[in-house]
There are 2 protein chains.
Amino acid sequence: MQNRTLAAQLAAEPTGSIVVLDGWIHRRRMLAHVSFLVLRDRSGMARVVVKEPPARAVLDGLGEESVVRVTGTVHANPAAPAGVEVIDPVIVPLGEPAATPPLELWRPNVSGGLASRLDHAPVALRHPRAQHSWRIAATSMRGFRETLTEAGFVEITTPKIVGTATESGSNVFEMDYFGQPGFLAQSPQFFKQMMVGAHERVFEVGPVFRAEPHDTVRHLAQYTSLDVEFGFIQDHRDVIAQLRDVLAGMIRSIATYAAASVEALEVELPSVPGVIPRVHFADALRIVGAAPDEPDLEPAHERALSQWALAEFGSEFLAVEGYPMRKRPFYTHPQPDDPRWSNSFDLLFRGLELTTGGQRLHRRSDYRTALAAAGEREEDFAAYLSAFEHGMPPHGGFAIGLERWVARLLRVTNVREVTLFPRDLHRLTP
Amino acid sequence: MQNRTLAAQLAAEPTGSIVVLDGWIHRRRMLAHVSFLVLRDRSGMARVVVKEPPARAVLDGLGEESVVRVTGTVHANPAAPAGVEVIDPVIVPLGEPAATPPLELWRPNVSGGLASRLDHAPVALRHPRAQHSWRIAATSMRGFRETLTEAGFVEITTPKIVGTATESGSNVFEMDYFGQPGFLAQSPQFFKQMMVGAHERVFEVGPVFRAEPHDTVRHLAQYTSLDVEFGFIQDHRDVIAQLRDVLAGMIRSIATYAAASVEALEVELPSVPGVIPRVHFADALRIVGAAPDEPDLEPAHERALSQWALAEFGSEFLAVEGYPMRKRPFYTHPQPDDPRWSNSFDLLFRGLELTTGGQRLHRRSDYRTALAAAGEREEDFAAYLSAFEHGMPPHGGFAIGLERWVARLLRVTNVREVTLFPRDLHRLTP
């Protein structure tokens, strides 16, 4: 049997040659004496001109989204997409005729609101724009891994069911684990730190779970966390430098491997400065005119700081370092010269927090103090603490939420727009 | 400050030059007039010769696993590992002295039985053999992804909390999802099939969950599933051919990027034949002398078949195709000429089942029949079925259990040996 030709390869075939195309009927237009079939496959679209009555009859019986094999002749036509179309086709269904889709996939923007698109995700995700959007996500993950692997990091996989809540007791999903209480991991934080003891430099791409009780455009009950942790750092600025390289690698990967998607969605890829500009939290409060005892940045502050960084440094990225210790988790390393502040940071990108990271404590005795101050019991962290008992280097890391990253890149407000099958307060299917 | 030199880079440094090494005290030997320090970092080991009393005193106060910075002079010595050692060192601790480890990491094989090593995983995973073992796993994932990406597959991430049990109602973890029952995904099967409708060719590397109530050496409550699904196939033999390429790519990746680990663990990497030999289930029963109405292969049968394939074809891999439909899940495509058999297969590797795969149903009407026969209600699969309602190509796929794959490669019986923090009936920590 003849090999399949992809739609995107059609223009390279000589006029007059016979090709076999497999794909979905993206759109039919049935005119009086001719029908046009737009065939969609993973590479794009091909136009098929159907004049012969038998082929017209077959097409007439197959609704949009039916899967077909088209055998036809390549024909140059400057009016067709990429200057080429297929004529004299034989159309053979590869399954049953498809029922009319709940959304009109052939429109430039798929019909229906977000709720409808999420309800009909198995169909809505076929839309070319949805495909492009996901390719940006997939190539982001690729760039993340390739950059880190190149720098000597080792990929790890860690448990998603844990015996104690990772980050805090709230917003955690509880479950029955063979008769004892188990929790879904809110982050791989403890595991990635422990693995620094083994491989020094580790990363993980995996799901994390938050029982987020609020319905917001930024939060999901499950999201994909791009986690990094590494040892033998001076302080959190080494972490920011590594984050800088990772972001640059992700953007390079998108530009290289998803160029067609960047073009189709008109994505403005940011350029990452060689050194990401930094501002101390205390200075950030001054810049935005907030009270000096504010414990956190409000959304309006984050937007103002991003604008400031763009004006001041021409950078769409800004690292806010030194967040107050009292707002950071117990494993956060304090700023050595002033323990009110921390060696941790948030990375702002286009007005929103994209990443949190920093230096962690690495001395067993510091954990003793920090857990006591947080009112936590050491026995709940026994395995974790054993890593520090037996020698850990100064280390730090960060985590990027994949969906939030893609949403910012695509300038989309709701992370659900860029998640394949989002999970939230109201949504457990599809 | 001078840049850090890794242990593995030491031999490339000129004799007499000053180097800075960071790492863990792997082993100390304190003799009367000289001490030897073996320093471990992510690249390997370096020998440091400590003669000066101040440095001897520092070393004396630091137990194994303490983290130090060593600044010293490179010195050629044919008796040292890689022909080089560090002399005249200044040793500075980078943290507190480590408590005596619960396991002796400096032995060629870490001390302690499996249970003890799992209890002390944060320390035990530092052992060089454990590091090498995990590097085989990490480079396997790398090869899996690279091979598929090269072949036009798109990586996906799918929900791990689902509204209905994926594969069957048994062995599923149940949880409270904002007041309604949720389940941990036993596989991404339905999602990867639905995504074939969008991207044609997809893969996922992610955790899957089985509430396995039995304590076996082959099963975990969470494992890493390497999942593949793709459309426009003829039948399951296209799936076997793709699996062949993926396995070859994984092995190539290990050989290329984890060569030191292959050597250290004396791993015999299998060669994958250009076409994996196949045997039909009915013939397989005959070959092993089992009754022709046996519904499944017993472990002894799998071992005998692997021996047969090695003798007959010189292959460590054998695909057993045509498994009885009554033992396969409802979405399995029957063998067209005899619907007692299926277009599915198991891949045997070194006497054990490594992978299950096959062609799936793609017609909406076939799902209607299959679900009715399985006694399932269509409304429980509404979103999944909508994909088939609206046009799906003939498709198929497979899943490789990462831990099982690495265990077979390393000829290790218990999958817990090659899992970072295994989860089972008895183990929810560390």
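Positions of Cβ are set from backbone N, Cα and C atoms, glycine also.
Taken verbatim from TrEMBL:
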type: BINDING; residues: B:GLU167, B:ARG210, B:THR356, B:ARG360; note: L-aspartate binding site
type: BINDING; residues: B:ARG210, B:ALA211, B:GLU212, B:ARG218, B:HIS219, B:LEU220, B:GLU353, B:GLY401, B:LEU402, B:GLU403, B:ARG404; note: ATP binding site
type: DOMAIN; residues: B:144-430; note: domain 'Aminoacyl-transfer RNA synthetases class-II family profile'
type: REGION; residues: B:189-192; note: region 'Aspartate'
type: SITE; residues: B:PRO81; note: site 'Important for tRNA non-discrimination'
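For B:LEU402 (ATP binding site), applying a Cβ distance below 8 Å and a minimum sequence separation of six or more within one chain yields B:ALA137, B:SER140, B:MET141, B:VAL205, B:TYR223, B:THR224, B:SER225, B:LEU226.
Tertiary neighbourhood of the region 'Aspartate' (B:189-192): same-chain residues 156, 158-159, 166-167, 202-204, 227-229, 329, 331, 381, 384, 397, selected by CB-CB distance under 8 Å and a gap of 6+ residues from either end.
Taking every pair among B:ARG210, B:ALA211, B:GLU212, B:ARG218, B:HIS219, B:LEU220, B:GLU353, B:GLY401, B:LEU402, B:GLU403, B:ARG404, the residues listed as contacting ATP, the largest Cα to Cα separation comes to 20 Å.
Residues belonging to the domain 'Aminoacyl-transfer RNA synthetases class-II family profile' (B:144-430) score a mean pLDDT of 96 in the model.
In terms of C-alpha distance, the listed binding-site residues B:GLU212, B:HIS219, B:ARG404 place B:ARG404 closest to B:THR356 (L-aspartate binding site). For B:HIS219 (ATP binding site), the count of additional Cβ atoms within 10 Å of its Cβ stands at 18 [all protein chains shown]. Between the C-alpha atoms of B:ARG210 (L-aspartate binding site) and B:ARG404 (ATP binding site), the distance comes to 15 Å.
DSSP assigns B:PRO81 (site 'Important for tRNA non-discrimination') to a helical segment in the three-state reduction. When other Cβ atoms within 10 Å of the Cβ of B:GLU212 (ATP binding site) are tallied across all protein chains shown, the result is 19.
Comparing Cβ neighbour counts within 10 Å across the binding-site residues B:ARG210, B:ARG360, the minimum falls on B:ARG210. Shown for the region 'Aspartate' (B:189-192): DSSP residue counts in helix, strand and coil, namely 4 helix, 0 strand, 0 coil.
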